[in-house]
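Data block below; observations after.
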């Protein structure tokens with residue numbers, strides 16, 4: 001027995017040798033493990049990655065299966081070509097280690113891993129539930145028949161490719177073609193290394209010709225797919241092709257350049273990044289294209305005073321701009337009803353969190369409409385003065401505001417919102433809320449397709465043929481298009497809402513994305529909010545005036561007066577506020593110096609800072625006393641992550657062992673979330689105290705209510721039907737728990753206004 005074991009170690013079976021050989025190539029093994037993890041084990045579920053591989057149409061699933069097979073075949077083939085010479089000169093148990101056996105061994109192992117993953121997934125998902133039909137079972141396991149059929153076709157094509165290479169006539173022609181290029185390859189190899197493999201050991205030159213042909217085939221497939229802007233080719237299929245191309249490129253460097261490959265690979269990467277960084281305004285906002293043209297046609301120099309250039313220094317020089325919070329003097333801003341009676345005023349603050357926050361915000365606002373109208377009509381939407389927030393929450397809020405219809409059209413109806421286009425109504429389920437259903441439509445596939453097929457080609461095209469008149473189609477633009485396609489009302493220009501806001505029945509939207517370079521905010525609204533962005537006060541040595549301490553942001557309407565008035569759409573503002581860079585790019589504003597725009601959640605993920613600043617400024621006037629009977633601050637929070645108690649499982653022990661390394665990063669991430677929340681709570685407390693101490697207002701004049709999602713759902717731009725339903729159910733229950741108290745406060749404030757009149 002010991003002798004047999006020793007012989008097994010000295011000469012292991014060829015299957016083990018092949019698997020070990022492939023496993024040592026981490027750049028080949030990593031992509032394959034990642035794709036299998038997404039497909040079978042829900043890797044990246046929080047970002048919606050499993051949906052890209054499992055939630056597509058039949059044709060798309062077939063294409064995904066085909067691309068998966070081609071990815072695996074390409075990675076296996078590259079591993080075979082770069083494997084050590086001694087491995088191919090040996091024989092494992094009498095079986096020659098040629099291309100057919102090498103690929104066959106790896107495909108067999110891959111099929112076994114896939115089968116075990118399917119079974120384990122089924123066991124985990126079953127949970128004692130009754131047996132389902134085969135189609136539903138395959139869906140639960142994370143794949144479809146069409147994916148399997150596509151994978152089978154990919155395997156057949158690979159086998160045909162391999163068997164074609166063993167045909168005598170074809171082999172002779174390919175070998176002859178390879179001999180023509182051998183001197184060139186040999187010369188390149190001599191320039192790089194005296195130990196280059198330009199002589200093609202093992203007589204494998206023809207196999208490298210096949211590898212080049214397969215690479216060319218994949219490249220042509222990718223280029224053709226990149227020509228289709230619409231959702232013609234699934235993003236998952238394109239991702240697999242890209243990974244295959246990257247694996248082949250790495251194999252080329254490893255085989256032909258040997259010890260030089262790492263250095264040259266890094267050098268080529270740096271060179272490509274340097275070339276792609278040529279354009280200072282590569283990622284753009286299409287609604288501001290005129291401003292980009294001005295700044296690129298006439299580059300800015302020191303002391304530049306060119307017309308059309310937006311200099312931040314000129315904006316900051318005077319310190320304080322504007323004449324107040326409102327677009328008109330406060331006495332002209334209508335708020336009392338037609339009888340001149342005061343009305344309750346509502347401020348809504350919504351948090352970020354991708355499509356989960358979008359649906360949660362829309363669902364809560366819709367439930368407030370319905371439940372506050374029971375048993376008598378209270379017209380909640382027409383009492384909302386302002387909505388501020390971040391990221392996904394503002395997407396749902398913007399659609400809720402954009403579809404709101406005027407009071408004259410809803411007097412005899414229980415529906416406050418209009419449908420500008422017939423396609424806005426969604427009939428996914430009987431009795432479903434069309435507004436929430438439209439917000440819940442996925443945007444992930446279009447964003448992912450743009451990332452895979454458009455971002456890289458667009459960057460290369462911009463370098464090769466720069467043009468100031470070019471509109472870049474990247475994943476940020478794709479997200480805007482997805483917003484408008486799913487929610488057509490978001491195609492409305494922001495300035496068109498201004499008239500209704502001044503009339504007092506349409507809420508004012510306030511987006512507040514952050515600028516990367518200086519951490520300041522960019523406020524996007526029809527309101528004049530510059531007073532919230534300048535911090536000023538007394539200083540020793542300066543008598544009779546306040547000095548400006550700092551400026552914390554800019555208003556887009558003052559930076560770009562014409563575009564913000566004529567072209568800026570709600571979808572673009574929502575995209576700016578939801579620019580989490582790995583989902584949508586941090587596009588640069590056409591300013592001097594340039595500023596990149598990212599998610600509002602970096603600065604204030606809950607929107608409370610703007611709302612409290614608004615109330616603080618309004619308290620300095622008599623407008624609230626003359627027009628408002630009560631103020632309700634509604635906080636709609638996507639959910640707060642709470643640390644779970646430390647356990648003693650494997651993952652818990654590993655995490656504790658790494659605390660010395662992970663504690664600083666964990667502290668930064670925890671502070672980013674908690675500091676915002678605690679700071680906002682302090683601001684709400686301070687505002688509430690000012691109202692309670694002000695003799696002009698009663699004790700219950702100012703109140704706040706919070707609606708927080710208690711469940712779990714994906715953060716990306718896709719939700720499963722089950723997650724959508726859980727959000728709707730939670731909104732109904734959460735609002736229902738507080739609806740009685742809300743109705744009581746509402747009626748009390750209306751009664752107080754009537755008595756005062």
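Glycine is treated like the rest: Cβ placed from N, Cα and C.
Per TrEMBL, the feature active site, nucleophile maps to 391. Note: residue 391 (active site, nucleophile) has non-local neighbours 351, 352, 353, 354, 357, 577, 578, 580, 599, 600, 601, 605, i.e. same-chain residues 6+ apart with C-beta under 8 A of its own C-beta. Residue 391 (active site, nucleophile) falls within a helical segment according to DSSP.
Taken from TrEMBL, the feature active site, proton acceptor applies to 599.
Annotated compositional bias 'Basic and acidic residues' per TrEMBL: 412-428, in sequence order.
Summarising the annotation, TrEMBL assigns motif 'GXSXG' to 389-393.
Within the model, the motif 'GXSXG' (389-393) carries an average pLDDT of 91. All protein chains considered, the CB of residue 599 (active site, proton acceptor) has 22 other CB atoms within 10 Å. Secondary structure at residue 599 (active site, proton acceptor), taken from DSSP and collapsed to helix, strand or coil, is coil.
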